[in-house]
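Record features, source TrEMBL:
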type	residues	note
ACT_SITE	Asp36	active site, proton acceptor
ACT_SITE	Asp176	active site, proton donor
BINDING	Ser10, His67, Gly143, Phe144, Gly145, Gly146, Asp176, Gly177, Gly178, Gly198, Thr199	substrate binding site
BINDING	His34, Asp36, His67, Asp176	divalent metal cation binding site
Amino acid sequence: MEPSLIIAPSILAADFAHLATAVHEIEGAADWVHVDVMDNHFVPNLTIGLPVVQSLRKATTIPFDVHLMITDPERWAPGYAEAGAHNVTFHAEACDNPVALAKTLRAAGAKAGLAIDRDTPVEPYLELLPYVDTVLIMTIKAGFGGQKFMPEMLDKVRDVRRRIKAKDLQVRLEVDGGIAADTIEQAAEAGADAFVAGTAVYGAEDPAEACRKLRALAERATAGS
């Protein structure tokens, strides 16, 4: 059973020459590993793809949280589920039929996530919440790590959390972008329960300890809620 709060270090901020080592460093301290897949079309950056995920999957048992910042997720997303990803998140802006894709991902053995970028309103997608397992709110503009957290995006988090509560749904509410020791409490107070952290973890001297500190801060912010 998963903990109430999820810490998901992003290997986008790790050393790409030693990704397996980077994952091992946070085993036991993190809950998921966040894997950013970018295609240089949906976002202006190019990262890793399915072969890397398939290889890395063999190196660890920690659940993979795959974030697809790509065009045509209907074509590519199922492969990540089949490769053993725990959660496969695609962008609302890139998908014509999110409900159908979510069903396909679940049938392939993964949880389905819906990501909403900085400039996209959440309101048109609130009706999709019963069909997905995770909603990912970008607290930066998708495409590059190391950007500054945008607190104004937390209104979206609050809106989604209200709908989740109103409908009594079992949906993770994840935030991605600029999450660090000085921002995670704000995100947790707004209603997030899964936190992607890249530089805050892999820029630290001890990535595992950085995960533990982030968890403690998020727990403090949600104590009694």
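Glycine is treated like the rest: Cβ placed from N, Cα and C.
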Sparsest Cβ surroundings (other CB atoms within 10 Å) among the active-site residues Asp36, Asp176: Asp36
Ser10 (substrate binding site) and the residue listed as 'active site, proton donor', distance between Cα atoms, whole Å: 9
Around the Cβ of Ser10 (substrate binding site), the count of other Cβ atoms that are within 10 Å: 24
Listed in sequence order, residues not in His34, Asp36, His67, Asp176 with Cβ within 8 Å of the centre of the divalent metal cation site Cβ atoms: Ala8, Ser10, Leu12, Val35, Asp65, Val66, Thr89, Leu136, Val196
Spatial neighbours of His67 (divalent metal cation binding site) among the recorded positions Asp36, Gly178, Thr199 [C-alpha, 10 Å]: Asp36
Mapped DSSP class for Thr199 (substrate binding site), helix or strand or coil: helix
